[in-house]
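So the structure is just underneath, and the comments pick up after that.
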Amino acid sequence: MTQLPELSLSRQEIRRMIRQRRRALTPEQQRRFGQQAAARMLSFPPVVMAHTVAVFLSFDGELDTQPLIEQLWQAGKRVYLPVLHPFSPGNLLFLHYHPQSALVTNRLKIQEPRLDVRDVLPLAKLDVLVTSLVAFDEGGQRLGMGGGFYDRTLQNWQQHKILPVGYAHDCQLVEKLPVEEWDIPLPAVVTPSKIWEW
């Protein structure tokens, strides 16, 4: 874990530091950590019980989600990916993702499925929502990229009966994050070495 004077660092400084640390991992570490975290996620009881799981496509040194997606498919789960909402800025839609899905690059330079309304799943029908993050702390607080997409999506997660689960490298853990009122803490985070639950 990172012992930092976090509260004296701004959210942007923490983002910059953790993203650098994550990008410094070697391809071999990325491969190994992706496999370890996928196996850990597939052993997590809410994921074992889930029928529908939303994941993200990793970039910028994020924990590789490809092994997770493949294992979810092998386990018979329906996998969904986030897509930027075309009419509601700052919000996400979740589209069914399968091996033949056509991907496009969105305005944030992230791959997402080509928008097809027939593939959209209402949020309340998701069982587990695997969320990306830049950093998380020992209390379950999550720091994202700063766009607020997941914070908006997760505002009423208990009401929708979705379980949000962070997915991150162990090196993304910090002692304490500075918190804003709109931040939504996570009930669980899976890393290559551990399942954190709050």
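Backbone N, Cα and C atoms are what each Cβ position is placed from, and that goes for glycine too.
Annotated features in TrEMBL:
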- Arg11, Gln12, Glu13, Ile14, Arg15, Arg142, Leu143, Gly144, Met145, Gly146, Gly147, Gly148, Phe149, Tyr150: ATP binding site (BINDING)
- Leu57, Glu62: substrate binding site (BINDING)
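Looking at Glu62 (substrate binding site) and Arg15 (ATP binding site), their Cα atoms lie 12 Å from each other. In this structure, Arg11 (ATP binding site) is part of a helix by DSSP. DSSP assigns Leu143 (ATP binding site) to a strand in the three-state reduction.
Spacing of Arg11 (ATP binding site) relative to Leu57 (substrate binding site) is 23 Å (Cα to Cα, whole number). Considering other CB atoms within 10 Å as the measure, the emptiest surroundings among the binding-site residues Leu57, Leu143, Met145 are those of Met145. Take the CB of Arg11 (ATP binding site) and look out to 10 A: across all protein chains shown you find 18 other CB atoms.
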